[in-house]
């Protein structure tokens, strides 16, 4: 009979705890939202700066040209020096898939929210189709170069024995090794993805400046692309430090840069192309004319 006040006090304490947790959740959500908006605004401002984009191109060139010198100053036993490390298997080997997934979602949201037109959205997404074709074509070209410049060797305890087998397929079928000039496909792909993502993400600054809808989902997708771009830069640095020969890496990065120039720097500015990022999304300012 004496438990009534105790039970009431317990219920009151439980209600206070729930109210306190509710307030804590609201505060955390507010902080997360503030960080999301602040981070996306600052990242958009940086990526939208033409000057910084030119510096970014210089940064990529410096990474590929001078990055291999760091191999004399880093630990050769680190996890990133292994071909079988997690990042190399899960990310580098599937870099185009990750790029298409994240960047495709960003382009889809930005273009559709800005125009509400399916045809325009499909046209802008077709740049990723072109990118996939570039990646597939470059991979086949690299294999062809290796076939044309290679020879068949049989590993022996005393060294390598040269065989006269005519092509890679017959050489590998015989259990031997085919060695030719191998352009670094990883360096090519990471360089191409970095340039492509920086170009596409730069549109977000103009998108925000025009006051178009920019809710939390779009900002989150944008920041995920920024994080992926940062990861590609880091993995490109690891690749040029630990893997492949110097000229193989430089040629791979040069081909990736040239592929970016042919598409984003040249073709996409033509009317019969998928269009450059941001093309046709924002209203043009009307020029004011003075009448006498």
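Glycine is treated like the rest: Cβ placed from N, Cα and C.
Note that TrEMBL annotation is computational and uncurated.
For 17-38 (among others), the entry in TrEMBL reads transmembrane segment. Same-chain neighbours of the transmembrane segment (17-38): 216, 219-220, 223, counting only residues six or more beyond its ends whose CB sits under 8 Å from a CB of the stretch.
Beyond its flanks by at least six residues, the transmembrane segment (58-75) meets 81, 187, 191, 194-195, 233, 236-237, 240-242, 246, 249-250, 253, 257 of its own chain at Cβ-Cβ distances under 8 Å. The transmembrane segment annotation in TrEMBL covers 58-75 (among others).
The feature transmembrane segment is assigned by TrEMBL to 95-114 (among others). Proximity of distant same-chain residues to the transmembrane segment (95-114), defined by a Cβ-Cβ separation under 8 Å and at least 6 residues beyond the stretch ends, is recorded for 120-121, 124-125, 127-128, 131-132, 135, 186, 189-190, 193, 196-197, 200-201, 203-204, 207, 210, 212-213, 217-218, 221-222, 224-225, 228, 232, 235, 277, 281-282.
Annotation source TrEMBL lists active site at 186 (among others). Other Cβ atoms within 10 Å of the Cβ of residue 186 (active site), summed over all protein chains shown, number 21.
Per TrEMBL, the feature transmembrane segment maps to 188-208 (among others).
What TrEMBL records for 220-243 (among others) is transmembrane segment. If you look at the transmembrane segment (220-243), the same-chain residues 6 or more away from its ends with a CB under 8 A from one of its CBs are 36, 39-40, 43-44, 47, 60, 63-64, 67-68, 70-71, 74, 76, 80-81, 83, 87-88, 91-92, 95, 98-99, 102-103, 105-106, 109, 184, 186-187, 190-191, 193-194, 197-198, 200-201, 204, 249.
Long-range neighbours of residue 244 (active site) (same chain, six or more residues apart, CB within less than 8 Å of its CB): 182, 184, 186, 187, 252. If you look up TrEMBL, you'll see 244 (among others) marked as active site.
Per TrEMBL, site 'Important for catalytic activity' is recorded for 248.
Residues or ranges marked as transmembrane segment by TrEMBL: 250-268 (among others).
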